[in-house]
Amino acid sequence: MSSALANIYARLPVSFTHGRGVWLWDTGERRYLDALAGIGVSCLGHGHPGLVAAISEQAARLIHTSNIYEVPQQAALARRLAELSGMSEVLFSNSGSEANEAAIKLARYYGYKQGNTHAHIITMDSSWHGRTLATLAATGSDKARQGFGPMPSGFIQVPYNDLPAIRAAGEAEPRVTAVLLEVLQGEGGIRPSDMAFLRGVRQLCTERGWLLMIDEVQSGIGRTGKWFAHQWADIRPDVMTLAKGLAGGVPIGAMLAAGPAAGVFAPGSHGTTFGGGPLACAAGLAVIDAIEQEGLLANAHEVGAHLHAALASELAGVPGIIEVRGRGLMLGIELDRPCGILATRAMEAGLLINVTRERVVRLLPPLILSGEEADQIVRILVPLIKQFLAQQQ
């Protein structure tokens, strides 16, 4: 790769030229089963005809005008997202970090309007919300923050899935205005929240007048088998953030607001040059259409359950395996030791995965994954894991 590139990525030694469905081909025409989907972004896989057509047609007509003007594609996508989520309004951006940054700003402005000039937000340990300074401060990872201090203040981190800890944090700090959490922690090791915990947090936020802000950047847009992972708990947040799969690979982010969070921002309180442009929103509309027309929510749920069960069965009783967990097509396999080398070994075997939290194999395949392709993942990955663990004894 070019020496002119900033040295911030530990890249695997492969370059891809094209893709089709769940498959990618490298410069040597070798084929790989993509079980990572660009870290959960390529939800329709590669070369999806509907998405390609929508992007091509929109690019030929108009790519960018800015938010100085009306953007019909933006308005249409906002309506679709509001219908699917039950939320009231949508603010578009370009990434998950930007969407979460907007949510943090909204929570602070919400507090400010109530006379709270130093609003605090409760966040979870092992969480991940982005790489801007505010989202890093919200993220539950000291390693990610190292060297970038001083961090913005106003964040209180508590253990995940611990409702009493959230309640205690609110009692200790009267300036709390919001709780920010992931329903299913992605970078945190595919850690699911308890449904009772989510319902309890919803009730607590309502009682205290706090905003419940849910980060669905990785778990949203059908990945768990529902449009948004919090829908499994039958709750609605006040703020929700989206990105990754929303436009199938075209950069986009979104912050949705409802209830007390709706109408907090006014003209001039936030903004973006590129966010919600015609191209990205046309892609987002195509993604939603494809998920609906091709039954991909049901597919993610059913094929994900099949893959989960197959992995759990094949790895049951294997020394060194802690747990197979997740929901839909957002799955993790936790080992009892660092296993980053498995990403390289899987790539060498024709399978694309990654490892998070040093010892959790993460699977985020496209929502179009078939049962047969799920079985191929199992056939490649399970022997690699068993071999790795046997060598480490």
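Even glycines carry a Cβ here, placed using N, Cα and C.
Per Swiss-Prot, the features are as follows:
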type	residues	note
BINDING	R131, T272	N(2)-acetyl-L-ornithine binding site
BINDING	D215, E216, V217, Q218, T273	pyridoxal 5'-phosphate binding site
MOD_RES	K244	N6-(pyridoxal phosphate)lysine
Legend entry - Whole-number Å value for how far T272 (N(2)-acetyl-L-ornithine binding site) lies from D215 (pyridoxal 5'-phosphate binding site) (Cα to Cα): 20
Legend entry - Taking residues D215, E216, V217, Q218, T273, which bind pyridoxal 5'-phosphate in the record, the widest Cα spacing (Å, whole number): 24
Legend entry - D215, E216 as binding-site residues, winner by CB count within 10 A: D215
Inset, instruction - Pick out which of the binding-site residues Q218, T272, T273 has the most other Cβ atoms within 10 Å of its own Cβ. - result: Q218
Legend entry - Fewest other Cβ within 10 angstroms of its own Cβ, chosen from the recorded positions R131, K244: R131
Legend entry - Under 8 Å by Cβ from V217 (pyridoxal 5'-phosphate binding site), counting only residues of that chain that are 6 or more apart: G96, A99, N100, H129, G186, T241, L242, A243, K244, G253
Legend entry - Secondary structure at D215 (pyridoxal 5'-phosphate binding site), reduced by DSSP to three states: strand
Legend entry - Local backbone state of T272 (N(2)-acetyl-L-ornithine binding site), from DSSP in three classes: coil
Inset, instruction - List the Cα distance (Å, whole number) between T272 (N(2)-acetyl-L-ornithine binding site) and E216 (pyridoxal 5'-phosphate binding site). - result: 20
Legend entry - Assigned element (helix, strand, coil) containing K244 (N6-(pyridoxal phosphate)lysine), judged by DSSP: helix
